[in-house]
Amino acid sequence: MFQTLYSYFWWERLWLPANLTWADLEDRDGRVYAKASDLYITLPLAFLFLVIRHLFETYVATPLAGLLNVKEKIRLKATPNAVLEKFYAATSKHPKQADVEMLSKKSGCTVRQVERWFRRRRNQDRPSLLKKFREASWRFTFYLIAFIAGMAVIVDKPWFYDLREVWKGYPIQSMLPSQYWYYMIELSFYWSLLFSIASDVKRKDFKEQIIHHVATIILISFSWFANYIRAGTLIMALHDSSDYLLESAKMFNYAGWRNTCNNIFIVFAAVFIITRLVILPFWIMHCTVFYPLDLYPAFFGYYFFNFMMVVLQSLHIFWAYLIIRMAQKFITGKVVEDERSDREETDNSEEEEEAAKNGPLSNGHPVLNNNHRKTD
């Protein structure tokens, strides 16, 4: 049964154009082709990335955080309370008003004390500023190096300037050593992101991040063994072109360099929109959807690849919406928070809580949130 499934999975009609077989992509006459077995190395490399990341965050990012004066906020800890802790762990971190009143009776605390306890307990579980800075530093370093390396791999190639060259002679296109290592490193990194996503800082787009990582891994893997390498290198470099800007903006935000953060974020927003909403759909996807049909009839692999591209593009539109909302607030001078972030709650006094109920003004002046974040 396993052999039957294996044969169906690698059926040439699924992944290759008509009249071509896997035998056509065997190494010969000095030509070297991508092989599915090459991708096995990416799993141990992914774990190596996790080790390198740990060392980087410990010996590079942490001292850098000290140099940039990244300061942790003082968080008041919730006093030990077995009744409240049990409800927090087993039922909900955000109790409804009826639950608060019930817990007040069970624990012997006032309603206000119960509400304050849950605010403090939630804050305890939120990631520290240092953890966020270390993660952003690691991603910034990788994306910047990957972008520079990616440009070095493709900038001197004819298909970088003429997208029709992407399909010239396809699929009989020999693989270059630089393309091999670019693919292996990028795929290994995304595997490492998927492996560490449960322990990394969780944001509101957690599910979208998982979909993005899985779709990216599938796209890179498929483009490798179907020899879509030229298109794949263009897509990877395009994605890396804006990611390092976002991570650097986060780093400066955590360090309290608000103006620098704001300026970098505006540049990031512009680059993201140009690359992900203009170049990717109107150049790259146009190239992968229309140009191959000049050479061969559409087949399953063609539809599969472009479907995964549509999934990625849908995520780009979702994130672009959040980015544009933030950029509007920057331009208008309003307080800006990351739309994806879970806001840290203030431990308000009774007077502040009463003022919040009555409206945004206190003694004729706006009540400001002293825990706002420009971008996360």
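Cβ atoms here come from the backbone N, Cα and C positions, even for glycine.
With DSSP classes pooled into helix, strand and coil, the tally for the DNA-binding region (69-129) is 36 helix, 0 strand, 25 coil. Under the heading DNA-binding region, TrEMBL lists 69-129.
Residues or ranges marked as compositional bias 'Acidic residues' by TrEMBL: 344-354.
The feature domain 'Homeobox' is assigned by TrEMBL to 67-128.
Among the features that TrEMBL reports, domain 'TLC' is placed at 131-332. In this model, the domain 'TLC' (131-332) carries an average pLDDT of 91.
Sequence annotations record features per position, and here TrEMBL assigns region 'Disordered' to 337-376.
Same-chain residues lying 6+ beyond the ends of the transmembrane segment (39-56) with a Cβ under 8 Å from its Cβ atoms: 137-138, 141, 184-185, 187-189, 191-192, 195-196, 221, 224-225. Feature annotation from TrEMBL assigns transmembrane segment to 39-56 (among others).
What TrEMBL records for 140-160 (among others) is transmembrane segment.
Summarising the annotation, TrEMBL assigns transmembrane segment to 210-229 (among others).
Feature annotation from TrEMBL assigns transmembrane segment to 264-284 (among others). Listed as Cβ neighbours of the transmembrane segment (264-284) (distance under 8 Å, sequence separation of 6 or more from its ends, same chain) are residues 163, 231, 234-235, 238-239, 241-242, 245-246, 248-249, 252, 313, 316-317, 319-320, 323-324, 326-327, 330, 374-375.
Marked as transmembrane segment by TrEMBL: 304-324 (among others).
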Beyond the flanks of the transmembrane segment (140-160) by 6 or more, those residues with Cβ under 8 Å of it: 56, 166, 168, 176, 178-179, 182, 185-186, 189, 230, 233-234, 236-237, 240-241, 243-244, 247-248, 250-251
